[in-house]
Every structure is written in C-alpha cells, then in structure tokens.
Amino acid sequence: MFIKPQSGINRCYQYFLSRRSITMAHEKIKTTTTSDKMTTSRYPTGYDLLLDPRANKGTAFSIDERQLCRIHGLLPPTVSTPRLQVERFMENLRNMPDDLSRYISLNALQDLNEKLFYRVAMEHTQEVMPLVYTPTVGLACQKYGLIFSKPKGLFISILDKGHVYDVLRNWPIDDVRAVVVTDGERILGLGDLGCNGMGIPVGKLSLYTALAGVRPQYCLPITLDVGTNNEHFLNDKYYLGLRNKRVTGKEYDDFVDEFMQAIVKRFGQQCLIQFEDFANHNAFRFLKKYRDLYCTFNDDIQGTASVAVAGILSSTRITGAKLADSRFVFYGAGEASIGISDLLVVAMEREGLSAEQARKNIFLVDSKGLIVKNRPAGGLSEEKLRYAHEHEPITNLIDIIRTIKPAYLIGAAGQGPAFTREILELMASINKHPVIFALSNPTSKAECTAREAYETTKGQCVFASGSPFPNVEYNGKTYVPGQGNNSYIFPGIGLAIVTCNIRHIPDELFYLAAKTLSEQVGDEDLKVGLVYPPLEKIRDVSRKIAVSLAEYAYEKNLAALYPRPNNLEEFIQSQQYAVEYEDIVPPRWDWSNKTLAKL
Ligand SMILES: NC(=O)C1=CN([C@@H]2O[C@H](COP(=O)(O)OP(=O)(O)OC[C@H]3O[C@@H](n4cnc5c(N)ncnc54)[C@H](OP(=O)(O)O)[C@@H]3O)[C@@H](O)[C@H]2O)C=CC1
Ligand SMILES: CC(=O)C(=O)O
Ligand SMILES: [Mg+2]
C-alpha cells in the first residue's frame, strides 16, 4: 500500500506508517474471512512477524509456527502458554518502581503484542485500568513529551487546515468505526494540556476494547492541535505540540467543521465521533451543533450523565427514597454536572414529576456560588439558567448544604478536596444514608477520598468516585467504593454503534444505558456499598448495555445493519474481540487451481 507523502511529516514517520499499512492490510484480509486460522500468506513472515503487534504472539509461537514463519531461533526455545505470558508480564509490572513506568510498559506491550496487552487488561482489569486510564493517564499526558514512542492515533494540527482529509487518509485502515477526539483543552481536571491530551483518546479507545470487546482495528484516537494556552508547555523543550496560543473563533470553528466533514468522507456517515475533554465553552456548542448531523456524542456531558444517573438509581435501593423526593447539590456546574442534571430530570419525569418540578430539586454550585436567578455577578449560561433558583445568593458550600439539606452531594468541579470533614458530617446529620459522589479526576482532584467519606459518616454514606479508591475497612466491615466513571457507559455505547451501525444517538440511549447499568447491580454489591457492578463483570455489562441500545435503535429505525440479527445478544457477542491467539497453519494446496490457496 502506497502512502502519499505529506509535506512536513518526516520520513521515519512515513516509513512507520507504510509498514503499519502493510500490517493493517493483512488485518483487513483476516477480518473479512470467517476462518479463525491465520495463514502464512496473510501475515508477514520472518523477523517482521515479531514486529507486527496484531500478529505477534512472542514466546507463545509454537515450534511448528516458528519453523513455518521462519522465526525459529529468533525466540528462546521454550514455548510459553498465554497464561504464563500474562503472569510473566504482571510479575514485571508489579516490580516496577512507579505507575508511570507501568503505563510506559503497558504501552510498549500494546505496540509489541496487542492480544497479550488486551488479555492482560481483561484478566487484570481492576489492577490495569488505573494504569491505562485515570489516574495514571493524567500523569502520562503531563509527561507525554518525554514518553511518546509510537503513534497510536492521528495528530491533526491547525496547520493542516484545508487538508484534514489528506491527513485522515494517512491512517492505514479504511474500516474505522469509532473515533475519540480531543483538542486537549480540558484534560480530566488538569486543564489545558494541548497536544499532550492524546493520552486520553488512546486510553478511552483501549477501554472500548478491554471493557466492551470493540475490535481495536475499528478505533482511531485523534488529537486536534490548535495550540495551547499552557505556559508551562509553551516553554517546555520536550513539548511536542504547536507552540502557539490556542486558535479560537471562526478559524477554530471552521477547522472543527472541516474535521467532522472529513471523517464522514473518509470513514462514512456511520463512523462514531466521541468528543472528549473539550473545554466547557466548546463542548456544549459542538454538541448542539453536531448532534443531529453526525453520529456523535459528548462523553463528558452525556456519558457522565448516564453513569452518574445509574449510580443514583442504584443508590435508591439503599436509601429507599424516591428521586422525586430528594434534593441534589452539585459542586461544579460544568459539562459533567449539567449533563447529569439534565438526565436526572428525565429520571424524575419517569417518577411522575414535570421537568420544571424536577429542576426544583436540583441545585448547582459554580465558582461563584449557588446558581440563583438574581446573582449579582450575573453571567449565567443558557445551561446554568435552566437550574437557576429564586433564592438569595450563597457562596459557601457548607452554607449551601445547611440551607438546601440535600440527600445527594455530587462533586464535579475538578478542584480537589472540597468535601471537608465538616461538610461530610453535616451530610450525615441530615441523612441516614447521605449519597456522596466525588466524580472529579484524576485522584488528586477528587472532592474527598473513599476513606474520608466512610469514616466521617460512620459508614453510613453511599459513595462513588471518578477515579478508583481502594476498599476501606471501617468498624469491622469492608466498604467497596464504586467507580462512577463514564467508562461504564461509553464502551457499551461504542459496541452497539459499531456492531449494529447505529446512525444517530438520541438522549434516550443514555437513559437506557443508565437503567441497564443500574439493573446489573446485585443485592450482594449493594451490601458492600457498590452502586456499580464489579469491574470483573464489565465485558458482560457492556454487552448488556449494547444489546438494550441496539434493541431500541432497531425499534426506532436508527440501526443500519440489515437484516436485523434475530438474536441481538448472540450477534453482538459474536462480534466482540477475542484475546485468543489464532493458530497459524500452512497454506493449503488447492488441487483445482494447482496453487497455494488463500483462505
Ligand atoms: N467521573 C467521570 O466520569 C467524569 C468526571 N469528570 C470530572 O469532572 C470535573 C469537571 O469536569 P467538567 O464538568 O467537564 O468541567 P467544566 O470545566 O465544564 O466545569 C467545571 C465546573 O466547576 C466549577 N468550579 C470551578 N471552581 C470551582 C469552585 N472553587 N467552586 C465551585 N465550583 C467550581 C466551574 O465553575 P464556573 O462555571 O463558574 O467556571 C464549572 O462550573 C473534572 O475533574 C473531570 O475530570 C468529567 C467527566 C466525567
Ligand atoms: C472520565 C472523564 O471523561 C473525565 O474525567 O474527563
Ligand atoms: Mg473526559
């Protein structure tokens, strides 16, 4: 496959892409066959086979395969089982000095042997997820200029304006079905990390595969580099992005427009475009602008809404209270909090309230205090205005809680510890089972820790957090904090979309996903405090979410895969990525053509 050179892209990079395109071309042949066997005709042989992450099995190649593929002697003589390979890798991983080293090592494994990487991630999800995702991915983004090794996605810069499609053509796979895109302006709660934000789409798409079984070849991480306002990076010699302040206004908007159109031209209308970690002032605008034109959603607004509402629905099984009778205080009034509030309104409507009545139960707090109609500082966006109360202004969170007396306190401000001992005690004095969600990421930005929440409320609270916390032993009981993170939602949504070609993503899908997720929480989970299913079940949970979304999509004529599979669950399961290595068999002699047959 020939790749047209792009000006400004160095030759090594071109060389890498052309090598990878050969690999991917092989991959394409493989995915269009029903056979589960690899033949030597479809994969590189010799040393090149060991450099192809999709085909490489490392020490698990059998002796026959080694001889057939001319790699005999390139590996030590003992053949490992995949199980032993996983154990060996985990042993090494655990011996590493810190989490950033572990992140780098996992990244390297993904580049070397993709199946082994996903086997490790699937069999050790609890241990590996915090390394490829929050919190470690936050640190990895901050250090991206130092640790970047091989491209895992596309960097499209504002200098490519007018040629975005040409850059997309450099991606060597045509059948891309899911793109996660960021412009790096609001990476977790860490702010503007510019081009270094690439770690986020890469991590999110790894979870598409590890948590839902979306095939990795369908996934494409993209960073739009329009500059950064982060002075630290502008002065950092290792920073890899453009060294200019962010381009804004019409030029930026036109660039994003061009990007959206180019994705459709390159990969088709059904290609999912997940917006991730755009700053507030762009996230809501783009969602409104593109939601009816493209197969797109904003994970920070809609995915987060879905996971939080799932946790809220589960929490009612512990508290016994109806949502309609509960008050909610959100610390933070941005993408996450507004998204959750809007979906919460839908949930309360299902309990019989009108939208207006539901909004009366929801109180948002932003950097200027409680959101009220007669705010002296003014400046309420359209989204905030929906939740503005007729109330006197209050600026202090503890005073707000004292006045509102909420059952739920949900943190998504990205400001770090804000739920003080006094606040947690106050919540416990108002409620038998206060619900405390500390959703901000990474861990350093969480509003409180799991231990602080359980200990201060004497084990009475229902707790979840955006980044994981270890179990807490308190008063002879083990509490298991759930991870209220959109990673419970977006992989299942992605799986439904890529398998059933869902063209469009209405809000209802996020409510459905929340309900389906909450229904997967068992009584035994609730007993230890979990409002989400345990991570070990995540692949099944994601599939269940995908099935319920696909059913809805077929009902509403939104799915383009025809004919509709009779059994959606079986069909979706059959499409999930398998980590088992494929056997390599010699090409068969085709007697009719007297040639070596290609399967
Ligand atoms: N667990 C999960 O799945 C997810 C977690 N998050 C996390 O949530 C956090 C926020 O993300 P997002 O909503 O997208 O960000 P936004 O920038 O959209 O919103 C941040 C909000 O916090 C408010 N805020 C800032 N400082 C304070 C303060 N001192 N007191 C009260 N409010 C304050 C801002 O106020 P103002 O409007 O006045 O500027 C704004 O409303 C991040 O840490 C992110 O990682 C996000 C998505 C998913
Ligand atoms: C989880 C996530 O999407 C965020 O913190 O931005
Ligand atoms: Mg995000």
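The backbone N, Cα and C atoms fix where each Cβ goes, and this holds for glycine too.
ASN485 is the residue from ASN229, ASN230, ASN475, ASN485 that TrEMBL records in the (S)-malate site together with ARG186, ASN441.
Residues GLU276, ASP277 are recorded by TrEMBL as divalent metal cation binders, and the candidate that the same record lists for that site, out of ASP253, ASP254, ASP257, ASP300, is ASP300. For ligand 3, the recorded positions lying close by, meaning a CB under 6 A from one of its atoms, are GLU276, ASP277, ASP300; the full candidate list was TYR133, ARG186, GLU276, ASP277, ASP300. The shortest Cα-Cα distance from ARG186 ((S)-malate binding site) to any of the recorded positions (TYR133, LYS204, GLU276, ASP277, ASP300) is found for ASP277. Of TYR133, LYS204, ASN485, all annotated as recorded positions, the residue with the shortest Cα distance to ASP300 (divalent metal cation binding site) is ASN485. Around the Cβ of TYR133 (active site, proton donor), the same chain contributes GLY203, LYS204, SER206, LEU207, SER487, each under 8 angstroms and 6 or more positions distant in sequence.
Listed in sequence order, THR134, PRO135, GLY138, LEU188, GLY189, GLY414, GLY466, SER467, ASN485 are the same-chain residues six or more apart from ASN441 ((S)-malate binding site) with CB atoms under 8 A from its CB. A Cβ distance below 6 Å to any atom of ligand 2 is met, among the binding-site residues ARG186, ASP300, ASN485, by ASP300, ASN485.
Within 10 Å of the Cβ of ASP277 (divalent metal cation binding site) there are 25 other Cβ atoms, across all protein chains. The least crowded of the recorded positions ARG186, LYS204, judged by other CB atoms within 10 A of its own CB, is ARG186.
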